[in-house]
């Protein structure tokens, strides 16, 4: 028992060293974010969200797209996505947790690999193989890249399935059929983590024939001759082997049939940029594909130049038989053939079994991604070498043990070589992890290895663009165009960047260039089958740019209709076309367009949101709320739906709905603490609830986040003024008119404070003069200017001012009353002066303000104030002479909905849906009409719910 105990302890020690080694190599990967494919698979994948039905994982691909859609990559890995969903449930979109799980899974695979290697190697040799596997730099993409979890998960069940099969067939002629269903189940699980998991069945078949049954080529030839001649008896092993092989074949057939049913019997569509050799002619295609096999072997041997993307022009095509790279291909196949021949022709022993098992681990898991049977969406992908590297490390460890065991004098050199190799590979892995820290770092690392790949330049540009560094981003997008002049996505990216730089003419030229590169339709040929779906985004971007000019809306509409004609299921084009139709006040057509989009994508929250906007435009808030709620059903964190549904709830006038509105706004704030609009509307809700302190707090937070926030500035100033704190309100009003000099209501309120509190009539007059300069017929501004003249004692000028006001508003009774009061005061003052015979006679026009007492005579004021009704809109209940200020609405670009205003400042106008912009406010004021309602803006300048700008340069696998 002592030796067994000692062996057990040594095995555990080896396992612990392997785990520690994995931790040392990958601990810095915990600092990495979501990069490259992680963005689509994790951050943008709605299947990870708890509100998405769990069953969706089994109908959608790895990226959250329905398997039945043409846009789907057909990568069916629901169990891997399920683990992402568990991560999301625990810590949301915090990358560290995802990377931690990946590192742990790699350690688990390494330990399992160590255990399975002991079937063919000594424990020391197995430890060497596992150590080489754990530190190999080729694994960084599979371990540090979050989406690489598909490789590690599949590898775990791959090894477990093989282990169970070995246990079920441990006896040569007796099968433990109780274990075989478990083996089939593990194969299915491995396949549901990643498609290559099914290849373990081929490894099991090799194990069964050549290792378990100890057959060699001569035995198989003899069996074939016996069957063909019909003479002689079949060997005893034929029955159990046939049964086991049938079980493996049946498992494979059932799994492949299920895969075809889920996939819809359609292969994914890839462009020539993804895999240039796939569209090449014979023999270029075959020569290139076979050379790629050799290139993958090279990466296993010398993983010095690693790159996250090998598409486009990374590997030049092998176009001739005389290309010297064909010699590398021949040498690779010669080595593999020689190893296989040696193992299949020599007598059965541990060495030949190991070589066969190692080769089967290299070859079979690699075949689905080799392009030899069907094209895939990449040229080389380092992550797919995760399982094949097991066979490679096994063969290297076997060679090391042979040398180590041959002569004791060489052992020191063997250990030195092994230590050096582990140190070099471990260091390379650790350094390579840092490349995956951000999108910018990983793509720049790729450019250091490969300068012929336009996709890398595009993705560096995307990373810079996301940081707002448009000038440098433009450089890389233009570099992509120079490297691959026919790359449609690169031209689209150039156009979008010009758009961000406000170089609209250059942007339009770039989009038109991209549009000209689209394949031309041919009679009798399906257009949508010959064009990448994301390339159609050029129509969206070009139409968005054109739509900036309101005279070209029809032209933009034609572009959207052209995109839809090319792909009837192009939902983004429907959404954007609805946007344009709303701008043209064709709400009924917009509604029909959105409803048509729902036919193709009934779970798209943006479409429901836009339908809600349509109903708001039609003045149907209850129906609008139903669609906004539906959008939240599909995406509870939908920013615009949360905001605008909360506004609608508060505007319906039902106090019982206010808590729900507040809860949605607080959800929005928790998700995005920098959302100034959410704070603003929380402030408005607080005003509804007569909670001035909370309203003030929320308005101040909104202004802190956006110092030129028009609505928050005005409402906070109004709140402070009505709270008898006018001096605190004045700085916010000055800030408001600084950023928004056309804000008439702000100028009126500021003028009021200057008159009544600061006592600065010159500044008050300046405010009202500014109003009249913008709008000479503004009755409120003119009336308040008249009041300034009254306060100065310039009654004749005040009289002329009021006369002008009565001409502009002849039906406003209060102006006539104020004019009458001023005339009465003029008469009194003139009479009093004329009766004073001892004083020199001056006309009222000649008198200065010091020639008579202050104009605010108590009796006259009483008469003036008594003459005003309680609800006079220009003299409030405190006696302040100013126009009553309606609360600022945010924004004016949507139809208003009537409801109660209880708890808010009296006379406040209804708020609108969306965000106010200065130009919109000006138009609304000048026209006296509501501008079109806010909807999702997919333009290049302002993305709201979902950015549909062309990201074609960033083509995901």
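Glycine residues also receive a Cβ, built from the backbone N, Cα and C atoms like all the rest.
Long-range Cβ contacts of the transmembrane segment (12-30) within its own chain (Cβ-Cβ under 8 Å, at least 6 residues beyond either end) map to 96, 99-100, 102-103, 106-107, 110-111, 114, 123, 126-127, 130-131, 134-135, 143-144, 422, 426, 429-430, 433-434, 436. Sequence annotations record features per position, and here TrEMBL assigns transmembrane segment to 12-30 (among others).
Among the features that TrEMBL reports, transmembrane segment is placed at 121-140 (among others). For the transmembrane segment (121-140), same-chain residues at least 6 beyond its ends with a Cβ under 8 Å from one of its own Cβ atoms are 7, 10-11, 14, 17-18, 21-22, 25, 106-107, 110-111, 113-115, 299-300, 303, 306, 354, 382, 385-386, 389-390, 393-394, 396-398, 400-401, 404, 418, 421-422, 425-426, 428-429, 432-433, 435-436.
Sequence-distant contacts of the transmembrane segment (152-170) (same chain, six or more residues past either end, CB-CB distance under 8 Å): 79-80, 83, 102, 105-106, 108-109, 112-113, 115-116, 119, 142-143, 176-180, 182-183, 186-187, 189-191, 193-194, 196-197, 199-200, 203-204, 207-208, 212, 244, 365, 386-387, 390. Taken from TrEMBL, the feature transmembrane segment applies to 152-170 (among others).
Under the heading transmembrane segment, TrEMBL lists 182-210 (among others).
Sequence annotations record features per position, and here TrEMBL assigns transmembrane segment to 241-262 (among others).
What TrEMBL lists as domain 'DUF1736' is 265-336.
For 354-378 (among others), the entry in TrEMBL reads transmembrane segment.
If you look up TrEMBL, you'll see 384-401 (among others) marked as transmembrane segment.
Outside the transmembrane segment (413-431), and at least 6 residues removed from its termini, the chain residues within Cβ reach (under 8 Å) are 21, 24-26, 28, 128, 131-132, 135-137, 139-140, 303-304, 400, 403-404. Residues or ranges marked as transmembrane segment in TrEMBL: 413-431 (among others).
Long-range contacts of the repeat 'TPR' (454-487) within the same chain: residues 36, 273, 307, 309, 311-313, 438-440, 443-444, 446-447, 493-494, 496-498, 500-501, 517, 951-955, each at least 6 residues beyond the stretch ends and with a Cβ under 8 Å from a Cβ of the stretch. Per TrEMBL, repeat 'TPR' is recorded for 454-487 (among others).
Per TrEMBL, the feature repeat 'TPR' maps to 488-521 (among others).
Annotated repeat 'TPR' per TrEMBL: 571-604 (among others), in sequence order. Residues belonging to the repeat 'TPR' (571-604) score a mean pLDDT of 91 in the model.
For the repeat 'TPR' (605-638), DSSP puts the residue distribution at 27 helix, 0 strand, 7 coil. If you look up TrEMBL, you'll see 605-638 (among others) marked as repeat 'TPR'.
Helix, strand and coil counts from DSSP across the repeat 'TPR' (676-709) read 27 helix, 0 strand, 7 coil. Feature annotation from TrEMBL assigns repeat 'TPR' to 676-709 (among others).
The repeat 'TPR' annotation in TrEMBL covers 779-812 (among others).
The region 'Disordered' feature in TrEMBL is assigned to 833-957.
Here the transmembrane segment (354-378) has Cβ contacts under 8 Å with residues 73, 120-121, 158, 195-196, 199, 202-203, 206-207, 210-211, 267-268, 270, 274-275, 277-278, 289-290, 292-293, 296, 310-311, 336, 339-340, 342-344, 384-385, 387-388, 390-392, 394-395, 398, 957 of the same chain, all six or more residues outside its ends.
For the domain 'DUF1736' (265-336), DSSP puts the residue distribution at 34 helix, 0 strand, 38 coil.
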